[in-house]
Ligand code: NAD
């Protein structure tokens, strides 16, 4: 049990592991491949330049798979915790699926982007647009108002994660950091636990195996998110 008192502020970081029980594969589960692909081939600016058809095929498949998945008890437990804590709760997810929103989470940021959005490939300044389309070929992919092709609203490896200022502010004022289902291998997210400890927070990890940065946590709870999270928090 993790106790949460009236003075606590909770920052939650989630990774691919929280969606594993919803049937969405993690990287780790398939030896560093994401759904059978090397990340270099589908998740980098170079891949988008060299083979946009493959990148769009990959993210179209992820859209199709994500739409079929449903939130699991771990997503629901975090939405319930937010309902109890209000603005003393903040959720940062590395996931690009929308299972947290569909479970009811509201105070959240997607630091690595969102599957159900697209944006201008040339970064002309137009905001990302909602886009659930499963494209069958590159010719079908829409255009931005400026004329450039749309790209998935995904932070590729080598690109800067979104909303880092807000994330850093929230970590600095958190008294408890809860990290769920992330291998601790993708930066800067793997550093959040260090920033939280520097700010004096308790830090808890939940997942079936210790992450690479396990030494930085005050507590590691080994288990599946959907089994552990619904019973984990004790509010006073
Ligand atoms: P990762 O694949 O590197 O690690 C997954 C972690 O989840 C592992 O440590 C594993 O032990 C843990 N895990 C497996 N089953 C679990 C369960 N039932 N409960 C709790 N934990 C469980 O994932 P990562 O660290 O999030 O990094 C991968 C990157 O890939 C992220 O940046 C993310 O954007 C992207 N990604 C997203 C999705 C998604 O949106 N659902 C899926 C795959 C990858």
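Cβ atoms are placed via backbone N, Cα and C, with glycine included.
Annotation source TrEMBL lists active site, proton acceptor at 112. When secondary structure is read from DSSP and collapsed to three states, residue 112 (active site, proton acceptor) falls in the coil class. In sequence order, 94, 95, 96, 154, 155, 161, 162 are the residues near residue 112 (active site, proton acceptor), counting only same-chain partners six or more apart with C-beta under 8 A.
In sequence order, no residues are near residue 31 (NAD(+) binding site), counting only same-chain partners six or more apart with C-beta under 8 A. Taken from TrEMBL, the feature NAD(+) binding site applies to 15-34, 94-97, 181-183, 225.
The substrate binding site annotation in TrEMBL covers 59, 62. Cβ neighbours of residue 59 (substrate binding site) (same chain, under 8 Å, six or more residues apart in sequence): 42, 115, 152, 154.
What TrEMBL records for 120, 124, 144, 146 is Zn(2+) binding site. Taking Cβ-Cβ distances under 8 Å and a sequence gap of 6 or more within the same chain, the neighbours of residue 144 (Zn(2+) binding site) are 119, 120, 121, 122, 124, 126, 150.
The feature domain 'Deacetylase sirtuin-type' is assigned by TrEMBL to 1-236.
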PLDDT averaged over the residues of the domain 'Deacetylase sirtuin-type' (1-236): 96
Cα-Cα distance linking residue 146 (Zn(2+) binding site) and residue 181 (NAD(+) binding site), given in Å to the nearest integer: 39
Nearest-integer angstrom distance between the alpha carbons (Cα) of residue 15 (NAD(+) binding site) and residue 62 (substrate binding site): 16
Annotated recorded positions 19, 94, 112, 124, filtered by Cβ under 6 Å to ligand 1: 19, 94, 112
Most crowded position, judged by CB atoms within 10 A, among 19, 94 as binding-site residues: 19
Alpha-carbon spacing, residue 146 (Zn(2+) binding site) to residue 62 (substrate binding site), which is rounded to whole Å: 27
